Amino acid sequence: MKFVDEVSIRVKAGDGGNGCMSFRREKFIENGGPNGGDGGDGGSVYMVADENLNTLVDYRYTRHHEAQRGSNGGSTDCTGKKGEDLFLRVPVGTTVIDASTQEVIGDLVTPGQKLMVAQGGWHGLGNTRFKSSTNRAPRQTTPGKPGDQRDLKMEMKVLADVGLLGLPNAGKSTFIRSVSAAKPKVADYPFTTLVPNLGVVSVDRWKSFVIADIPGLIEGASEGAGLGIRFLKHLARTRVLLHLVDIAPLDESSPADAAEVIVNELTRFSPSLAERERWLVLNKSDMVMDDERDERVQEVIDRLEWEGPVYVISAISKQGTDKLSHDLMRYLEDRADRLANDPAYAEELADLDQRIEDEARAQLQALDDARTLRRTGVKSVHDIGDDDGWDDDFEDDEDGPEIIYVRD
């Protein structure tokens, strides 16, 4: 199944129906007067969050969506039928953006939530509306108003409580397999994970949280290298980040260097996301001797000047994973309780969330702009003149911002 998390579409609300000009005509009634009815309102376009969807692939192939036009008014004061509204179903966690102004129209974060993205046109008036004491036979009507038309960009972010960060082959997919029922692909080569994977971690019988695994980051990811930069946005709505570090890399590289790369790339992508609660998880502890393991752990802590929680685990043998899962559940419960009872804390987190969203969107927009420049053969925006044939035609733009990966 194709995983698509960004698409561009055009929506058009229905036009309003025209008013009718008609006069009453009956036997023995010489001057029956006007009886033209109003037109019907045009249908509006809504986005609806559907918890059964996890990709925007349907909108990759169908880019134009139009609601029904309102019917024209009829004689004998008959009002035209209202156009049917159009409901476009999208995954929960979808952000809808006006492509022309970059204004965020809304976020769909709860199942069943509806968002109007295009208002239907107002109905036209029939000639009955213009009857007066001085104008007994009006021949005036009004046409229906056109419905809104908008070019939209939709961005989907997975909704998870915990997000995993790390270099390729740090053991993120193995970790999510060990603590949940999710079965992402695991192999001994980089970039095994190509799309985000979600898993539900059940701690007790009635307690659970959702964890998200994204493709690994590499050095230079904030400039577009590798796969992870596109998927960092999926961590924007997580509540806590787990930074996984491989302390027994096959290439015998320094775990401290690897940990530092992730921190640097995260900070370059979004300084505010780097402020999110983050725990250090040192993986593959069963592959080194105890003395060497402790030395490598301390080296990572010293290099990062780490002061937060530290966990030493082995995901494949599940050493330390139960304690980590219980601690995460406890943190999430305490966080939710504090959010409900501490308005200042809630306001602080809301401000942080907004800054993360803004910075992530700005980074991704910059990457899209750079890709557009490369496609047109322009090295810099400063090289574009007023009449250089800059392509703003939505119809011909087959390379919108959608990114497609194939889920195994």
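Positions of Cβ are set from backbone N, Cα and C atoms, glycine also.
Per Swiss-Prot, the feature GTP binding site maps to 166-173, 191-195, 213-216, 283-286, 314-316; the stated evidence is sequence analysis. Sequence annotations record features per position, and here Swiss-Prot assigns Mg(2+) binding site to Ser173, Thr193 based on sequence analysis. Swiss-Prot lists 129-143 with the feature compositional bias 'Polar residues'. Residues or ranges marked as compositional bias 'Acidic residues' by Swiss-Prot: 385-401. For 1-159, the entry in Swiss-Prot reads domain 'Obg', with the evidence type sequence analysis. Summarising the annotation, Swiss-Prot assigns domain 'OBG-type G' to 160-333 and lists sequence analysis as the type of evidence. Per Swiss-Prot, the feature region 'Disordered' maps to 127-150, 382-408.
Outside the region 'Disordered' (127-150), and at least 6 residues removed from its termini, the chain residues within Cβ reach (under 8 Å) are 10-23, 31, 33-39, 42-45, 67, 69-70, 72, 77, 98-100, 117-121. Other Cβ atoms within 10 Å of the Cβ of Gly166 (GTP binding site), summed over all protein chains shown, number 25. When secondary structure is read from DSSP and collapsed to three states, Ser314 (GTP binding site) falls in the strand class.
Within 10 Å of the Cβ of Ser314 (GTP binding site) there are 20 other Cβ atoms, across all protein chains. Rounded to a whole number, the distance between the Cα atoms of Ser173 (Mg(2+) binding site) and Pro215 (GTP binding site) is 9 Å. Residue counts for the region 'Disordered' (127-150) under DSSP, split into helix (H, G, I), strand (E, B) and coil, are 4 helix, 2 strand, 18 coil. Distance from the CA of Ser173 (Mg(2+) binding site) to the CA of Gly166 (GTP binding site) is 11 Å.
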